[in-house]
Amino acid sequence: MQHLLSLKDYSKEQIEQILELAKDVKANPTKYAEALKGKSVVTLFEKPSLRTRVTFDIGVNKLGGHAVYLDSQNGAMGKRETVQDFAANLSRWCDAIVARVYDHQTLVEMTEHASVPVINSLCNLYHPCQALADFLTISEHFDDLSQVHLAYVGDGNNVTHSLLLCGAILGTTVTAVSPRGHNVDAQILKEAEALAAVSGAKIRVTDSLDDIDGVDVIYTDTWVSMGDNTPLEQVKEIYMPYQINQALLDKTGAKKVLHCQPAHREWEITSEVMDGPASLILDQAENRMHAQNAVLLTLMKG
Ligand code: CP
Ligand code: NVA
């Protein structure tokens, strides 16, 4: 049995298979309409969600299964009962657990006590389902991921970490551009570099937008992630030079734009770019469902 806490636990072949399966699920939904018949998935959220909650719920439904949603009151592990008891009880009823948590350690603890696959639907360190959907979206526009330069611009966060790891495994060039002091986690960067050494990927981290050119896809995310109560206003001055706008697209040569959403329009990204011809942002949101369905089919096999 395999969990999905971080993509670093997956091989290039496994990720490529998930992306291929996602494409097939997207193209041939009727073929998979009963694939999870009689199976149940619990999705629990310690933090808010629109895309993840809805895409897992509707996604499981499209595969013929049943999804049970636990909100932040009822899915608050460690409060009413321990993470251990939560995971052990859920395992007696459902066939997979999808969890969005504050602390990655909660997921690790869940896997120690769950007898069904645990899927990370965002934690402080990673957002693997997002990265799979992102690389699925990129691969719909670029045939060879080893020839793609993806530049992530903004706060070095959970989304950045998963993009770096996924790119490193798949052989993609990924540059993370963040203001000084807001860089990605040093340990995760090391892990991505080690994976890149195997695949031939180029992984770079910089604080200067002058360091990036020849960009195919440019990507950003919120400047302040869930769980951090810093008001956006307070970091505006630091991050505004890193805003994704038409001038940055022109400067870097970026042909496509991604944002995991929720977006703060006119902050990390302008509406002009978000709604413009280079934007793949809604395809990316749709692809959350197809990528996750491929993950569910892979992990719930048998
Ligand atoms: N991108 C993403 O995970 O969106 P939600 O927080 O709305 O689920
Ligand atoms: N980095 C963001 C992603 C939201 C989908 C957060 O963790 O809040």
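Every residue gets a Cβ built from N, Cα and C, even glycine.
Keep in mind that TrEMBL annotations are predicted by a computer and have not been checked by a curator.
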Of Asn158, Asn287, Asn293, which one shares the L-ornithine site with Asp221, Ser225, Met226 in TrEMBL?
Asn158
Which one of Arg92, Arg100 goes with His127, Pro128, Cys129, Gln130, Arg288 at the carbamoyl phosphate site, as TrEMBL has it?
Arg100
Candidate nearest Arg288 (carbamoyl phosphate binding site) in space, where candidates are the binding-site residues Asp221, Ser225, Met226 and distance is Cα-Cα:
Asp221
From the binding-site residues listed here (Arg100, Pro128, Cys129, Ser225, Arg288), select those whose CB sits under 6 A from an atom of ligand 2.
Ser225
Other residues, Cβ within 8 Å of Arg100, His127, Pro128, Cys129, Gln130, Arg288 Cβ centroid (carbamoyl phosphate site):
Thr52, Asn120, Ser121, Leu122, Ala131, Leu132, Ala133, Ser162, Gln292
With a radius of 8 angstroms around the mean position of the C-beta atoms of Asn158, Asp221, Ser225, Met226, what other residues of the same chain does the L-ornithine site pick up?
Leu122, His127, Asp155, Asn157, Val159, Thr222, Gly227
Which ones, of the binding-site residues Arg100, His127, Cys129, have a Cα no more than 10 Å from the Cα of Asn158 (L-ornithine binding site)?
His127
So which of the binding-site residues is most packed in, judged by how many other Cβ atoms lie within 10 Å of its Cβ, out of Cys129, Met226?
Cys129
Over all pairs in Arg100, His127, Pro128, Cys129, Gln130, Arg288, the listed carbamoyl phosphate binding residues, work out the largest Cα-Cα distance in Å.
15
